[in-house]
Amino acid sequence: MTAEQRRNLHAFRGYVRKILDPTYILSYMTPWFRDDVVQHIQAEKNNKGPMEAASLFLQILLELQEEGWFRGFLDALHQAGYSGLYEAIESWDFQKIEKLEEYRLLLKRLQPEFKTTINPEDILPEISGCLINQECEEIIQISSNKGLMAGAEKMVECLLRSDKENWPKTLKLALEKEESKFSELWMVEKGAENIQMKDLEDDEMKTLDVQIVYKEEPENQNLSQNSCPPGVPPTYSPLKPRNYQLELALPAQKGKNTIICAPTGCGKTFVSLLICEHHLKKFPQGRKGKVVFFAVQLPVYEQQKSVFSKHFERLGYKVAGISGATADNVSVEQIIENNDIIILTPQILVNSFKNGTVPSLSIFTLMIFDECHNTNKHHPYNMIMFNYLDQKLGGSSDSLPQVIGLTASVGVGDAKNTAEATEYICKLCASLDTSVVTTVRDNLEELEEVVYKPQKFFRKVESRTTDRFKCIISQLMAETEALAKSIFEELGTVTLENLSQIQNRNFGTQKYEQWIIAVQKACMVFQMPDKDEESRICKALFLYTSHLRKYNDALIINEDARVKDALNYLKNFFRNVRAAGFDAIEQDLTQRFEEKLLELEDISMDPSNENPKLEDLSFVLQEEYHLNPETRTILFAKTRALVDALKNWIEEHPRLSFLKPGVLTGRGRTNQTMGMTLPAQKCALDAFRTNRDSKILIATSVADEGIDIAQCNLVILYEYVGNVIKMIQTRGRGRARGSKCFLLTSNADVIEKEKINICKEKMMNDSISSLQSWNEAVFKEKILQIQSHEKLIRDNQGKVKPVLDKKNKKLLCRKCKTFACYTADIRVVEECHFTVVKDAFRERFVTKLHPRPKNFGSFEKKAKIFCARKDCLHDWGIQVRYKSFEIPVIKIESFVVEDVATGAQTLYAKWKDFNFEKIPFDAAEMYNHAQDLNLQGMDGLE
């Protein structure tokens, strides 16, 4: 241990205190710490917390005189799993840990919402690599003993101490995988475009398109299913295509750009395999095709990657995939270059265009867009096709790939008639550069043997005429809102109302839920000069809105189920609140609820408060089972809480309990109510298939998650207006043809909308039929006109530039406010990279070799650059080799821009938001500047 190491450890002790729980490494420090010292540190943690324990640990550590204690400390960190802290101390470089501070502040602010929203047991397997093993065990133990909310609090505490540089992104991916609403608040991509990577089907075409898919033979088109017995290695044998699948593939196999529009469940993935295989085999010896398949959603990406790998690797083709979850660890350029088929989430290719990794779409020979109806507005599909169309319309001689789109519904937008619907579909075709829309026409009978649309029935049901439960809960919500509003009274300028633009919100509605999310997002970026006061206000606001969300959930349950179920939901929530942190605000809100609890219990037991909607649902079920005792039912409900409530109601209903309901919910986690893992979902489905006593399955949205639901001939959509196409698989042709679908709703507008949807579906089919009768040359001319018009609009939008601010500005280090450079010294390299040409700038930063040096485009990453102040060392960007020059490339988010005249300071997240005069990089200028410096040096020698 040198004196310098002791000084450095003392200087950086603040970082260590924030991260280290010393009790996790004491067992590795026994050669240097006596038993009484170990007990003292453990007692400090128990009484005052890990940070104070870390302070005591460091104090004792720095006083040690024995040889080898510093190396022993590093080894202990490594053994316990503190890899980030170990690396930082060994190199005395805490930049990675410093960068985590903004995420710690964000998580502290979001902690009230995190603990009421997240089930820690569900995301722990995904984020365990960012935590210490003992922390994971403690989270599980606390969740088990004190409840999920207390476990979530412990998880936040552990994440706030995590030294792993990737924990913010790992948490984001875990939340997205679990489809948690909290992921909307946990934003880790600073400055990235907020593109919603989800199904963007047209509203009017997406609510209740229920299709029954039935087969007499086993499900041999489920390509990713392994039907081998346990212990037998899986084998892959090519499937025999049906005639309608060959019909769908034919135009594409002839080389035409095609949109394939066919029902969910008919095997469009298999059709894409046929097209892809035909495409790759048609190339003569010495030439090779290269296929890219785009999937919007991560689960679909994983499934398609598996399917394509199994099908094509046996044929000798190389298949690989890149998604947001893997992009940081692989070279996109090399993956594309070294494989024949690449499965991508589309944003990967959009990002590759921006950074120059993929210069042109000409490297591909075939592009397949799954769910291609998303190709509009600012969706990544459209960004990719903008690049394609710019190349096509710009007169490039480079070849372009063939384009295939797959969808169950092209939609009609806001069309009011067939002519408008036709125009809408033409615009989609123009966006995808397709002049053929393929549907099944010659083999409809075969298709209908696989996909059968059941008869639809609409039933208008009545709501309660008086609702005492809703009155009391609404009163509690009004009181909670008033408490939230009171926080802002002292501020004057900011109010709870102007934090969100959502108006006319009503308790117990989805719109109110949207208002809560909007307020929470506004709260995330809310700023005050007094940071402690800012933290207090934001934490309080998150607590109030989290409670409002639970009340809102309870009102939604009460609307569609029993008062008893809604009340139990709230009682369970407040039980968890008590078991967790239970601060002053939570104590006050809990007391207010408990004051009303006795009255709420009385209401729940009063028979006059029974829900008339449930009486109507009971009538439908009893009637259908009277007509056909062998009926198999799936009952769709909009939330997991409602699914649980309906299950309890059926089990406790004397005339329905014989149905023995099963439950199937999605994997998403939006509340403390647990979702189901994929194995649990499959287990529930297997039980429903094999247990003939279970006659009804109650489910939330699951079909979009790739779940096959077998043996159903009755579908009931109970106040269910989803945004996915449901696919229900049944066996037995005769029974399937007698299938029925009931929509039960108290909202007459929903029934009316569904009737309009049926008309719009017919309008869409008529429009497609009309387009299919067009002369292909006429269709292509129409498409070209639309493309040229849209490009003109895009180009003109790009020409409308904001007024440039030509005044010289200062760039100051965002962390320490030290002067860095003037805007007059900045040059733009290849339109999107920014360097500083004055030599004086080089004295204001220090460099460190880049941990991951690599080439991108014309640039070679050499080093990272940091503010030269030793007490700052803020990350300013990178040092690159560009052509023959070594230049710094700076990032605007590392600086504050100061007006020289007024001193006003502004923060920018992106260079494009900073409208200063951007002077292009000029190699001659750099060369002449270097020559001048050499001459000055020679003058000095003379």
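Placement of Cβ uses the backbone N, Cα and C atoms for every residue, glycine included.
Keep in mind that this is a model prediction, so the values were computed, not measured.
The Zn(2+) binding site feature in TrEMBL is assigned to Cys813, Cys816, Cys867, Cys872. Look at TrEMBL and you will find 249-428 tagged as domain 'Helicase ATP-binding'. According to TrEMBL, the domain 'Helicase C-terminal' annotation covers 613-779. Residues annotated as domain 'RLR CTR' in TrEMBL: 795-928.
Annotated features, which come from TrEMBL, shown on the structure.
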{"residue": "Cys813", "record": "Zn(2+) binding site", "Cβ neighbours (10 Å)": "22"}
{"residue": "Cys816", "record": "Zn(2+) binding site", "Cβ neighbours (10 Å)": "12"}
{"residue": "Cys867", "record": "Zn(2+) binding site", "Cβ neighbours (10 Å)": "22"}
{"residue": "Cys872", "record": "Zn(2+) binding site", "Cβ neighbours (10 Å)": "15"}
Going by DSSP, how much of the domain 'RLR CTR' (795-928) is helix, how much is strand and how much is coil, in residues?
26 helix, 59 strand, 49 coil
Average the per-residue pLDDT over the domain 'Helicase ATP-binding' (249-428) and send me the rounded value.
90
Within 8 Å of the centroid of the Cβ atoms of Cys813, Cys816, Cys867, Cys872, which other residues of that chain place their own Cβ, given that this set defines the recorded Zn(2+) site?
Arg814, Lys815, Lys817, Thr818, Ala868, Arg869, Leu873, His874
